[in-house]
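Colleague: Would you mind keeping the following structure in view while I ask a few things?
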Amino acid sequence: MAEAHQAVGFRPSLTSDGAEVELSAPVLQEIYLSGLRSWKRHLSRFWNDFLTGVFPASPLSWLFLFSAIQLAWFLQLDPSLGLMEKIKELLPDWGGQHHGLRGVLAAALFASCLWGALIFTLHVALRLLLSYHGWLLEPHGAMSSPTKTWLALVRIFSGRHPMLFSYQRSLPRQPVPSVQDTVRKYLESVRPILSDEDFDWTAVLAQEFLRLQASLLQWYLRLKSWWASNYVSDWWEEFVYLRSRNPLMVNSNYYMMDFLYVTPTPLQAARAGNAVHALLLYRHRLNRQEIPPTLLMGMRPLCSAQYEKIFNTTRIPGVQKDYIRHLHDSQHVAVFHRGRFFRMGTHSRNSLLSPRALEQQFQRILDDPSPACPHEEHLAALTAAPRGTWAQVRTSLKTQAAEALEAVEGAAFFVSLDAEPAGLTREDPAASLDAYAHALLAGRGHDRWFDKSFTLIVFSNGKLGLSVEHSWADCPISGHMWEFTLATECFQLGYSTDGHCKGHPDPTLPQPQRLQWDLPDQIHSSISLALRGAKILSENVDCHVVPFSLFGKSFIRRCHLSSDSFIQIALQLAHFRDRGQFCLTYESAMTRLFLEGRTETVRSCTREACNFVRAMEDKEKTDPQCLALFRVAVDKHQALLKAAMSGQGVDRHLFALYIVSRFLHLQSPFLTQVHSEQWQLSTSQIPVQQMHLFDVHNYPDYVSSGGGFGPADDHGYGVSYIFMGDGMITFHISSKKSSTKTDSHRLGQHIEDALLDVASLFQAGQHFKRRFRGSGKENSRHRCGFLSRQTGASKASMTSTDF
């Protein structure tokens, strides 16, 4: 093959005159450019680390300080109180003619020491300021005097033009809550779902735990909190994710969707080219720390540690425990198409390929007529197998096909060029969205490399999607990247009138490299077994997408309520109607206010929420009575959410106590019971408009339809939701078809009914009032209400397969 000749930089040969070496100038040039890029990257990383280390100060502040000291010295003033003279005495004596140089060096050393002390003081002061969470606990719109003072001080100490990791040294550590408070909150959270007998027994176990073991476990936990960056996040990653032996597919991955109404181009290769270029632009900005840190209220920074592993990252399977492999750089992506794997370079001559050049390379892969090797088509099903099984097979695969395996695992990310279309269609909008969600979550079980940090999925009609492995980071991080990608590839890079990427192709680029897998016979049976298991798991998932458009965030805002709390309480009503009982409910809340914080659980099924649900199902209760109970439930949920965000949650603390007890070989019936609980309703809100790269009000059809995840329990639901602009909410519901207790479509109908019933309690929502509140009768008005969102502009930009 032609590219094989470019694999080496010289060719030795033996002649009658001796050995000769023929150097290849193009390859040597590539080696030089690659080394130059590597050195530039190292220098850039060093400089950025220096800038973030001295933040909120800057190198200019050192120069100002040094100049001030020199000026004072020139005016025969000694701001060092004699220290500079002592420093001069310690410097070598180079003779009288260099006496002035010694003074300058002494001033520079003193300025550096003083500058370092000031930086340390700023770090400590900012860390103390950021440890204040009173602002979080105050009612929305009612800012107290201490909070106003705090905001002013944060502005003073925060510096200017922060880089992505500028605040990392100043973030406070996550506090260890009081074990008595945690146990009390836990008992309060399970009271609505336990019988009196079960609750009394749980309370006895809790008191026994507090009396016998809690103080010892808490002591070890506090010791870790003083030593480690975060007392729980590393254990959460290890024991919840990396030590789990379940398949990643459905159990530990989640998906993100493209624009709901718009597909910028129907050309698969063009969409892939722009998307990959946008993703690598994001990586470039990430490496240079040009992405600004996320700030709450425009002032309070969130931890940025999770951004480090977005790209060049793979979860490597192990027999007992996986590990995360992260490379500093990668100049290729791994591509899967029609059962074949390709290694496609993303850079040429030290520069990122243009979108048009990337489109050209993807088109070459699409046009490649070569068939898949035996069992190559289903090879990726191994990544959907139980982790221990995949680890054993990978050991053999690494021996037999090391080069191909390294090309996939060492890629910046994985790209799957699917042969089928996806997205919203005119013929059957509901079914098409459900199929779209299922394709992103599980695919066919063998067309995603689930170990990669994320897989970019490009469908045949140009629709995009993302499948994300969960261990390395949480949804807001990948959502931030995805938001940048969609906005950049559509609004900044754009497409020509014929749907191609802008620019010109590069015919000099080598063909993408087809990966060769030398698969031994013993692996064939493992692949077949993994494929069978992946298909069973994939076909068992029931995905349902509910675009609800009768009202959205603007209506909830007019009711003066938290939009997230509004949805959470409505979900309790919907789930009760679906199952006839209350259950443990998991809502993910972020703890990135702290260094290396990840998530905390909000236990949304509260006593207050249950009281509201019972009132809604009681025909004797009036609307004002239900509304009063609803407001109480919302206030309680808000209090729990704020407590979780400020490090005063329940579940991460109990989890860490349980891990310590296992290390100490202590048996705690209470912690064992807590650890064995099943979350039958797992929920999460998908963040949106984190970067504000375009105004969604001016482009209402360019809204992402969010994403979803699999259920946490075999007899439970996974529900995610996203506020699309001001007038639409999209729900992603998942469950297991094998369960006789769940039905994603049924819950979707209950969610729509519950939203309308709750809205009808408010004066602004009287037009939603229905005759039989709580009856579960279908209201067809909102079944296809989202179709009215389509505008003339969006119609013109949609492909034939889109609505």
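Indices start at 1 and increase along the chain as displayed.
Backbone N, Cα and C define each Cβ position, glycine as well.
Not my notes, these are from Swiss-Prot:
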TOPO_DOM  1-52  topological domain 'Cytoplasmic'
TRANSMEM  53-75  transmembrane segment
TOPO_DOM  76-103  topological domain 'Lumenal'
TRANSMEM  104-126  transmembrane segment
TOPO_DOM  127-803  topological domain 'Cytoplasmic'
ACT_SITE  HIS470  active site, proton acceptor
BINDING   GLY552, LYS553, SER554, PHE555, ILE556, ARG557, ARG558, CYS559, HIS560, LEU561, SER562, SER563, ASP564  CoA binding site
BINDING   TYR586, SER588, THR599  (R)-carnitine binding site
REGION    761-803  region 'Required for interaction with GRIA1'
REGION    772-803  region 'Disordered'
COMPBIAS  788-803  compositional bias 'Polar residues'
Colleague: With SER562 (CoA binding site) as the reference Cα, tell me which of the recorded positions HIS470, SER588, THR599 is the closest one.
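Modeller: Result for SER562 (CoA binding site): the nearest of the recorded positions is SER588.
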Colleague: Return the count of C-beta atoms lying within 10 angstroms of the C-beta of HIS470 (active site, proton acceptor), excluding that atom itself.
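Modeller: I count 19 other Cβ atoms within 10 Å of it.
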Colleague: If you take the centroid of the Cβ atoms of TYR586, SER588, THR599, the listed (R)-carnitine site, which other residues of that chain have their Cβ within 8 Å of it?
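Modeller: Counting only non-site residues, the set is GLU587, ALA589, GLU600, THR601, VAL602, SER682, SER684.
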Colleague: Does SER554 (CoA binding site) have same-chain partners at least 6 apart in sequence with Cβ under 8 Å from its own Cβ, and which are they?
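Modeller: Spatial neighbours, sequence-distant, of SER554 (CoA binding site): ASP726, GLY727.
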Colleague: Go through the chain and flag residues at least 6 beyond the ends of the transmembrane segment (104-126) whose CB is under 8 A from any CB in it; none is fine as an answer.
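Modeller: Distant contacts of the transmembrane segment (104-126): 54, 56-57, 61-62, 65-66, 69-70, 73, 80, 83-85, 87-88, 91, 154, 157-158, 167, 169-170.
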Colleague: Give the number of CB atoms, excluding that of SER588 ((R)-carnitine binding site) itself, located within 10 Å of its CB.
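Modeller: I count 19 other Cβ atoms within 10 Å of it.
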Colleague: I'm trying to understand the geometry here, so how far is the Cα atom of ILE556 (CoA binding site) from the Cα atom of HIS470 (active site, proton acceptor), in Å to the nearest whole number?
Modeller: 31
Colleague: Go through SER562, THR599, the listed binding-site residues, and name the one with the sparsest Cβ surroundings, counting other Cβ atoms within 10 Å.
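Modeller: Each of the binding-site residues SER562, THR599 was scored; lowest Cβ tally within 10 Å is SER562.
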Colleague: Calculate the distance in Å between the alpha carbons (Cα) of SER588 ((R)-carnitine binding site) and ASP564 (CoA binding site), and round it to a whole number.
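Modeller: Checking the Cα atoms of SER588 ((R)-carnitine binding site) and ASP564 (CoA binding site) gives a distance of 11 Å.
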Colleague: If you count, for each of the binding-site residues ARG558, HIS560, the other Cβ atoms lying within 10 Å of its Cβ, which residue has the minimum?
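Modeller: Looking at the binding-site residues ARG558, HIS560, the Cβ with the fewest others within 10 Å is that of HIS560.
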Colleague: For SER554 (CoA binding site), which DSSP three-state class applies?
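Modeller: Assignment for SER554 (CoA binding site) reads helix.
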